[in-house]
Structures are given as structure tokens and as C-alpha cells.
């Protein structure tokens, strides 16, 4: 008995088992269910538990699927690029330009203020702002910048990406800021002493050291954007679709197996994207 | 689970009922009912149009029991009725949804002999005819899904069998809503929805079963095609219909699509859209903000819808009695008056008359000029003296219904095509 417990591996297994059980029940099992259901058939009012590839055949056979996936990637890529630039700049400012810790914390909290209201409220508040007779258009007209209201401000890809950036930039700021404050300031001094310019320090010292933060932020933003459907629906006026909307439409129409199949494809896609991202950086080292 | 007749809740209730019955024998039978019914809670869900707290309050006042109301959107209503049979006692659903939900066996047919005002229910819901001469409109007309062959019937029957699926509660004839101040000319055809004049200023609703019917009205109005039955298209017809709209969408005809009542109100009120498919109370909501908005009667007629209440399969005993009591109360006028004063129609208009003023009845039902200000049940001003209702009297409006919201045989195909339209 003594020998049994003395073995590290057993104690280790026992220690992880509560978490393992929780993950098994609330993560693995639902995913397995989704995969199983994705092979079933459905009519309007019933689900037929018989193996069938029909859902996948339809999914891969439709040009809409590819267009929608492309659209999803487009949203993810543009949002990622914009949030990265903004997030990095904000984090850089907080980490290197604000000297006192109190101010760092105060300004950091300032960034989180928009998050005190719900996602949907923050998003919907853009609609009267960007509308045909909204604040943005009337201001621009009164300044004489434009004569006619800009139609593309609202219910367009522009509006969707704007809302995404607004909603998800903080997810970029936090991890980047977190890694930046851990950078040893003496490294920067050493670089400066060695004659490096500001740009060289940024490129050769700071960016490589914040890469894990960037990567974590990227994973947050990419997965959030790829799974979001409500933002796309509201901000495009239901005129564009991403994969999330495809799934939500299916569910609304009781097509659970078809929704499950789309979800499986989306899950696999996201996992591949994350797999590729993780090749660039060893996150474990950072946690 | 849904098949077992005895539930814990039911057992407790009937147990309590037995005890009270024994104790109350000296007092007299009616009291038993009055005492027991107070403890009953019926859970009703449905769309926001008719699931109103005012109704629940009035039920408590008039009948004594509690009615819990949950308002959802059309899709959620379908989902709930089809997948969560134990989560409700009364389902307030639309007739076209009935076609999807009835085969699940989650609802039970109602015995029309227990419904006092059955004979007074408008003909549309009994034999499909508003007046003996009227033609039956296309689509899922309510009477086609209104009856089944027996208490446990699964198949719809076309005659009045005595077993009803839904008791009609509310219905209306829909058309396009327009902003007359921003359009500045008369609109009289469905085809105006795709008129390039309104490029980037038109909208349609993103609920496939309803939207496809609006599309069909537009296609016929454009003279592109005449459907044998708009409510039951073939695959080719679906492709053609959605194709026309996809082309328009890609040319930038639409500003946005809407899914909920509020969205349609906001689109219209903010001037983002000047012409769109819309629902009558949404027009009222825009008007009550002081913005001109017209529910425009069109030459090709109306697209109609109807809702009704169905009973959960698991209802039995005292709760079932209470539900019948509720249905009889529903048809006895108060709710009808309440709904009619919002611009909807009641299943039994003649009983509603007692709950409306002469001015209101004249304006809403008879299409007469208002003799005084018309207000909604909640007190908002809807019309001035001298105004008449769009579309005229009840018979004129409901007599010009061209089709009913429908579920087609090719529904699944249509839904997929609809998704493609939205994603295109």
C-alpha cells in the first residue's frame, strides 16, 4: 500500500481526476454527442438516429458553405489585424510609458469600463450612431465633408468589423500587457546602451518577448470572432453570414443534425488554426 | 415521460382536490371548484403578439387561477412546442407552426362540444370560408390544420370533426408597410418592394416560412410567374423565387433583414428603410412615435396568418378543466376586444363587441370613420377622429387574403435555399 501511494504517478492521477471528470462530463461528452448527432438525419419534427453522411454531403456540396467559411476567415483575419495593432499599442503605452503602478492599474481598469455592460448593448449602441440619419452622418454632413449620407457605415462588413474590434480588443490588450510588464527593463537599457534605436528595440527585443502574449490574444480573438453570430446578424442587418449564423439558423429551424455537422466542421477548423498558431510559440512556458 | 398520465404534480393536485372535496360536501359543489382552482397554475407560451401580461392579470381576476406567460419569437415557439413538451400547459402557436408541431404528439385535440362559442367562431377557422361565396386562399389555411379525427388523432382532417387542434385566438391580414413621407407617391403593388427606386431602402423579414410567401406575392405582382399554390411550391419554383430575390440582394436592393418586431420598428422609424414587409402592431408602434407610416393595402391582396391555443398532451383532470374554462373565457369577449383594439381580429368578433365602444367597433371592425380619438388598450393614441382604418372593414380585409403563411412539402429544401439567400 505504502509503495502504491509512494509512486508519484498514482498520486498525480488522483490529483487531476476531479478536473478530468469535470472536463469529461462538460466538455468531452457534449462534443462527442455533437459529433454523433451530426451523422443523424432529421425531419421537421423528429431526429432519426440512423447513420448518414447526408449532412456532410450537403455541407461540402454547397458553394454557400465555402463562401460562408471564407467570409468567416475574412472577418477573423481583419479583426485580428486591427485588434493586434490597437491592442499592442495600448499595452505598450501602459507597460512602458506609464511609470507608476497605480496609474497603470487605473488606466487598465479604464480599458475594462465598456465591459461593464453586456455585449449586445455595446454592439447595438453603434446602430443609431452609424445609421443613415445617425450621429456620424449628420456630423460629417454638417462639417461639409460629405453631401449625401454614407450608406456603407451601417449594415455592412465595415459595421461588423467595427463592432468586432470594439468588442474584442481588450482580449488582445490583456495578454500582451501581461507579458510586457514581465519584460526585464534592464534588457531594454542594455539594448539602448548597445546603440539600438527605438525601432530596433521594438523589433528585436520587445516584439519577440511579447510573442506569447500576442499568441494568446490571437487565439482569444480568432476563436471569439469565428464563433460569434449575433454581432454579424445585427451589424450586417442580417445581410451577411458567417459559420455561426449558419448554425444558429439551422437550430432555429430544428435542423439539429445539420447544425451539429456545421459545428463539427467549424470546431475542426478552429482547432487547426490554433494548432498552427501554437507552432509559433510555446505557450506552456509562459503559463 | 410525456406519455405517463400521472405526474408528481398531478398527484399532489388531485390528492389535495380529494381532501377538499370531502371537506366541502356540506358547503356545496361550486365552492370546491372555486377553492381548488386558485391553486392551479397554467403555463402558457407563445409569441409576443398575444402573450400579454394584461391577459394573465385578467384571468386571475375573472377565473381565479394563475396563468404564467412566456413570450418568445416564432422560431423559439416552434422549438419549445416540439422539443420540450413538459415545459408548458398551453401553447399559443401559429397555424403554420401547427403543421410542424402536431406530429410530435405533444398536443392534445380539444373537444368542440365543450367550447361554448364554437358555433360563433369565424368561418375561416371552421370550413375555410369567411362568407359562403368566398374562395379559400392558398397556403396553410387554418381550417386545413384545424381538425383531427379524434382525441388522439395524428392526421389532419378537412371537415369539422369535433376535435380541434388549436382554438383560434388572433389573426390578421398582412401587407407592406411604407413611409409615405419618404416615398411621396402612391404604392399599390407588392412588386414595389423590388423597385430599384427604393434601392438600399427596402427590407424583408428573415423568417423563411413567412418571407417566402412575401416573395411569392412580389413575384406574382411583377408578372414573372403565377403559382398554382404559393403555399406549396415545387423545388423549381423555390429556386426561381429565391433567385429573383438573390439577384435583387446582390444589386443592393435591401438595407437589412429583420427578425424581430422591434427590429422592424427601428428600421422604419429611423428611416433606414422606407418599404418593407411588416406587421400591423409594428406600424402602430412607428406611428405612436409621431412618424407617418402606412400599412398599405395592395392590389394583389394580403398575406395572412392566424394563431391559436393548443393544449399540452400532459394536461388532465382539474387542470384540463381549468384550461377549457380559460378557452371559453378567451372566446367570450374580453381578450377579443383587447386584441381588436390593437388592430388584430378576434376569433369570435361578435362577443368582442361588448367590450369595445361603438366608435372602436366602427373603426376597427366596420371600417368606418372614427368619431373620436382611437387609443390602444395601453392608452397610446392610434388615430384621430375622422380617420379610417387601412384596408377597410373586416370582411373587406379578410376577404382579400391571397395566401396564408405556410409550411410546404419541400420545406427543408426551402429552408436551405433561404439560408443560401441570406448568406449570398
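A Cβ is built for glycine as well, from the same backbone N, Cα and C atoms used for every other residue.
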Range annotated as transmembrane segment - as stated in TrEMBL, picked from A:101-117, A:118-134: A:101-117
Stated TrEMBL location of transmembrane segment, expressed as one of A:48-73, A:152-177: A:152-177
CB contact flag for the transmembrane segment (A:75-95) and the transmembrane segment (A:256-281), at least three pairs under 8 A: no
The transmembrane segment (A:152-177) and the transmembrane segment (A:101-117) contact flag, 3+ Cβ pairs under 8 angstroms: yes
Long-range environment of the transmembrane segment (A:12-40) - Cβ separation under 8 angstroms, sequence gap at least 6: 47-53, 55-56, 256-257, 260-261, 263-264, 267
